[in-house]
Amino acid sequence: MSTSVNTIEKANLLRKEFLEIEINHDELLSIEQFYRCLDKKLRRQFDRELGDQLYQRMNKSFNNKITVDEFIKVFLQAEEILKNKIESCKKQILDYNKQRKYVSNQFDSIKDSERVNQYGIKEDSYLTIELLQGMNFPQQNVSVILKLENQKQEIQQINGPSPQWNKTFNFKISTGLEELQLFFYTINHPNIPQLLGTVTLSLSHLTNQTKIEDCCQLFDKNGQQTQTQIKLRSQWIFNDSKSLSNQIEVWNEQIKTAQDDLIDFEKDLATLYEPFPNYVQLIRSIEKEDLAINHQPPNTLVMTPINNVNTQYDYKLYTRLCILVVMGLSVFICFGKSQFLDLILCFLFIIEFEFNRLYKQRLIYYSVAVGISLLCDLIWAIKYSQGFWGNDATEIDKYYAIEKGPNRLALILLYVSFIFKLILCALLGALSQEMPEKLEEQLPNRNKQIKQQLLYQKNKTAQFGEDNSTFYNY
């Protein structure tokens, strides 16, 4: 079937809405009758501005009269346009927020560390000039000299009358009071330069730190304005934190504009729906079906792999290194005392770590287990440390702590392992904040997947049609 099932349902439902007020789908209506129908459905006056926009799109081939079917066709077109605009605004808002967050993070990282001089200018501040092209130059070779205090750069001869330079120059700025001067010379036959004109640029119009494109006229040696012009692009970054702050303000304005547009489009769509409550119920039922197809069931949670944890510090790398160090120390400590609890914990953690089987609660359990192990080691160390360097130890303590070499090695390594276990507890706690609450594997259900795919294809065909030419073929 080439027509859209949902489009036919929508059209039939809208026809029924008009039949309720005794208007047939092929009945001819004037603009006044059209508005009376909508007012009667709404039981108050329909928005005339929106109504006029709909009426202008309709095919008025019968003495400026329309049919209900023609209105339905334009109605569905307007609905689709407004929905697309709403989705576009939502995507824009998400994108703008991401850009704003990126700039905001940069601002936070440098706002307290940037160094500026007494003029509020950073140490490596530069004025960037892009000399693009010239206009109305004489038919001669032209050379350019750019000077800013004791800094000087030069462009070799280029033929007029419309020289294309496209060159970029950088000048160091210290106070912000400097002025850039551009001198343009024509080269006569015996290579004698003659001043054609000058341009002086101050930095006062570059304080917003954005790129500005200017078209400047040259002044001759008498200070008179000439018809010769140059086009250039300039930018001066004198304070990174202020530049980023300005960018944040720009993103805020764009986000607000997109949000205002979104509100306007949603309001127009709601106004479009107002006269047709039954139609709105159908739309909501279709949206619920789409939501059930395009989203995962609420009782299913996809595991977030630990290797995808995005934190400011690479916790997963530090955790892996720390667990390997604790494991290595435990192996050597086993020569002096039983350390099998630590080895079992390390082996289990490494296996689950590599196979992405960790989640928040399990990491907390590991942290508690490491804490218990730390407490046991602390008790053992207190007992045998007395014989290691104390005078109040018993003969048995001295025997185990001093005369047995493995015990002495185990005690030294045990103190070292205390530090790494404390670090490990902290890392496990940090990782637990980035993990999902629980791990639930999705159970494969082939029949359910096939049904969902079929339903999705049905709704996709219903929404967009198999052929655009038949979208409004009722």
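Sequential numbering from 1, following the chain as shown.
Placement of Cβ uses the backbone N, Cα and C atoms for every residue, glycine included.
TrEMBL tags one of the stretches 241-268, 437-464 as coiled coil, and that stretch is 241-268. Broken down by DSSP into helix, strand and coil, the domain 'C2' (127-213) contains 3 helix, 56 strand, 28 coil. Residues 357, 366, 369-370, 373, 376, 380, 404, 406-411, 413-414, 416-417, 420-421, 424 of the same chain sit 6 or more residues outside the transmembrane segment (323-351) yet have a Cβ under 8 Å from a Cβ within it.
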